[in-house]
Every structure is written in C-alpha cells, then in structure tokens.
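Data block below; observations after.
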Amino acid sequence: MTLWINGDWITGQGERRRKTNPVSAEILWQGNDANAAQVAEACQAAREAFPRWARQPFAARQAIVEKFAALLEAHKADLTEVIARETGKPRWEAATEVTAMINKIAISIKAYHARTGEQKSELVDGAATLRHRPHGVLAVFGPYNFPGHLPNGHIVPALLAGNTLIFKPSELTPWTGETVIKLWERAGLPAGVLNLVQGGREIGQALSSLDDLDGLLFTGSASTGYQLHRQLSGQPEKILALEMGGNNPLIIEDATNMDAAVHLTLQSAFITAGQRCTCARRLLVKQGAQGDAFLARLVDVAGRLQPGRWDDDPQPFIGGLISAQAAQHVMEAWRQREALGGRTLLAPRKVKEGTSLLTPGIIELTGVADVPDEEVFGPLLNVWRYAHFDEAIRLANNTRFGLSCGLVSTDRAQFEQLLLEARAGIVNWNKPLTGAASTAPFGGVGASGNHRPSAWYAADYCAWPMASLESPELTLPATLSPGLDFSRREAV
C-alpha cells in the first residue's frame, strides 16, 4: 500500500520501485508507482474535499497542523533514521531536518497572519477589508536532498490557507514521503485534503498536466522547473511557485581569520555532501599571498573530510550522495573541468566503488573559457582568483542563476556595495551561504526561481487576496457627483 488517496492506503498500479540505502545498498522500501488514472483520482479526491476544508475556521486547520507538529516531536528519532538511511546523510544532520520541520509549524502560523489573514480599515461610511482565499487544489513536488523539510515548507502553509493537496515525493525518497504522510493521517486530516502519489518523471508529468489543478509548488532542479514552466505556459489562472537551484558564489576578500574563513567555506560548499541548492559552487579568492595561504589551508582541511555511513560513530561531517549515479556525475563534471584546462587542487575520490561516498573536490578555473554555468549537485568547488572587488562582483554575477551569494570581509562598505549590485535572493556577510533565516523569504531570481520565494513568504503563494468595501446599510451620499440629479419632480 504505497499511495494515500481520499484517506485510504492503496496499491499503486504503475511500475515497481525499490529504494536502497545509497551507501550499503540495503533495501529500504518497495512498492508500486501510481498510474495516470490514480493521479487523476487523487486530484478528484482533493477537489471534492476542498470546499469543506476551505470553510473550516482557521483555528480548526491550525489545530490539525499543530497535532502534526506534536507527532513529529514524538517520532523525531524514527523519522530521523528514515531520512538518514534513505538519503545517506549522517544521523546528526537528519535530526536537524526534523527539527526544522517542527519549527516550520509555528513560523507558518505567524506568517499566515502577518502576510495574509484578514485586515480591516475603518472608513467614514463603512470599512475596507482585506481577506485571503485559498487557490484550491495544488500539487506539491518534493526534492530528495531534504525530503521532509522542503516539501513541509509548501504543505504546511498551503493547508493552513485552506488548500487541498496532491504530494509527489522525489522518486529517490519514497520512504520519507510515506512516513511523513502517515503522521499527517494520525494528525486527523479529513479524507482527500492531502493525497500521496509515488512515481518518477512520468507521474510528475501526469500530475502537472491535470486540467483540474489550480497550481503547483515545486522544489528541485532548474531543468525540471523550466519544463514545468513551459508545461503551464498559457495558464495564468494557475499559481506556479518554482524553487530551483544555484551556481552560487562565495567571495573571500579578507581571510585574516584564516581558520574561520576556511570553516565558513566548508559549511558553504560541502555540508550535505554539497547537495543544498544554496551551496557555494564558485569560490572567488582575492589574488595575493593571503589568498594563496587561504587556499592551501582550505585544501588541507577539506582533504581530511571523510564521508561516512549515516550511523557511524563518531559521526562524519558528510555522508553519501543520494545515489552512486549522483557521485559519478560529480566525478564526470570534475574531469570535464580538468579537460577544459582547470588545475585540480584537491581531487574528489570515490571511497568505495558502487557506493555514493565521495570526498570533496576543489579545482581552480581562473582564465579557463567555456566553463558550464550549471549546478553540479555535489561536493565540487570551483575556484577563480580576482584582482579587485569590482571584478569579484562581476564574476559573482556571471551566471544565469541567482539564489545565494556571500562575502567574507571586515569592510562594511564592501558588503553594502554587494547588496546593491549582487543578483541573488540571499546575500550573506561573514555567514555561510547555506544559512538562511526562517523569518525571511527563501528564494532567488533568474534560473533559481520565478519570484515566488518560500519560507516566510510561502503564505503569499498559498492564497490570493480579496479586497472588499463594506457597509451594513445602503445610503444615498450627502454629496452627489456632478451631473446627477435626484430631486423629486412634481407630477403634472
């Protein structure tokens, strides 16, 4: 029973799928994908459930969402293990993901009232009221790198706003998706309000092409996001929120505090084995002796990072990538850059063939032409050297993406200049690129998104505004517009 449709667990009628641990190859989950008819059935269930769910008082929807938060807390250890085993990330990091899921509940409730909710302004002869209404039936596409937290960032605000949903997890993390949905079931969601369909690209296309869908909330790669944008083109009535990738620059202008700068770079580039959309992909280091020393220290410390299994003791900083194929893709990207003329500073290495364990790689590309402007989703850091700060900003903006950007410097004026000139949705100063505040919007421009940031702003794309002018009585204005004559004519 791998699908949850209209409150029932049913067997998928599509292809057989098996999920294994990307390091040990242990079988974790087996089941069948949905087929197109079951995807349509899930949408119909959501459509039928929508009117009653949307009419529920906000307090009733909030109570169910808060029950879900309590269940997350009660089952934190179990969900942590599921995420860690399925993604290959260490237990410590999977635990932080579940904590982020729990914290998302209170934040989303606050954001609903701050960003949407209801506001009233008194007028002389009545009131002006702003309300927000749910879109209807929305699809949620989840990624594999944070298979609990990132879909949660769409699902929670969408449910609070009164929408009903069809959730398709990544085909690489079906176990996490199913586990989370079982907690929603226990929280008491009415039948049809949230539905689960499993599957890969074909099921995603079947879901996104449904005529009865009111919108789609997506987190994933730019290539898939662009495909969804093309698929929904000519349908302005549908809400589309795209949270995509990045080719993010980190500028090292002043590395006087050498180890702190190296630590920030490791956190920016290699955490989650480089599988965060905000990870630094491009490291811009100022020319000179200090920059040389910084790179030498970075290579030294990064070379000691040994990826390990999810349950190793002591815990590793990074675990495996999502699959052995993903690790192979990073190796191929590194070799491609070497072939273009790049100088390897630290060669990535497969810890064991057939697994997804991969050590970090660092390659210098200063002066190399035709380097692909792409997101290599793994622990590969590209280095460019620059002569002056204006050149650093030019290099930073030399990408079609625009998600995150960072600066290591003690000069506030340089940060102010970067804030004015950077083309990115997240711009950090002496903080890792992978750090983001839940009380701020999360998203980017260019190929990183379609101006629908999530996190604190997720409430914005989960409801539409309704403006009203209201008066309990109908009265004739004391002063009429020119040309209007309401005088009583005497009967002749």
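The backbone N, Cα and C atoms fix where each Cβ goes, and this holds for glycine too.
As recorded in Swiss-Prot, the features of this protein are as follows:
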- Glu243: active site (ACT_SITE)
- Cys277: active site (ACT_SITE)
- Gly220, Ser221, Ala222, Ser223, Thr224, Gly225: NAD(+) binding site (BINDING)
Residue, out of the recorded positions Ala222, Cys277, whose Cβ gathers the largest set of other Cβ atoms within 10 Å: Cys277
Cα-Cα distance linking Glu243 (active site) and Gly225 (NAD(+) binding site), given in Å to the nearest integer: 8
Pairwise CA distance, Thr224 (NAD(+) binding site) versus Glu243 (active site), rounded so that it is a whole Å: 11
Ser223 (NAD(+) binding site): secondary structure state under DSSP, collapsed to three categories: helix
Recorded positions near Cys277 (active site) (Cα-Cα within 10 Å), from Ser221, Ser223, Glu243: Ser221, Glu243
Cα-Cα distance linking Glu243 (active site) and Ala222 (NAD(+) binding site), given in Å to the nearest integer: 8
Rounded Cα separation (Å) that holds between Glu243 (active site) and Gly220 (NAD(+) binding site): 7
Residues flanking the NAD(+) site, with Cβ no more than 8 Å from the Cβ centroid of Gly220, Ser221, Ala222, Ser223, Thr224, Gly225 and excluding those residues themselves: Phe218, Tyr226, Gln227, Leu228, Met244, Gly245
Cβ contacts of Gly220 (NAD(+) binding site) (under 8 Å, same chain, 6 or more positions away): Phe141, Pro143, Ser170, Glu243, Met244
DSSP-derived structure type at Cys277 (active site), helix or strand or else coil: coil
Nonlocal residues around Ser223 (NAD(+) binding site), in sequence order (Cβ under 8 Å, 6 or more apart): none
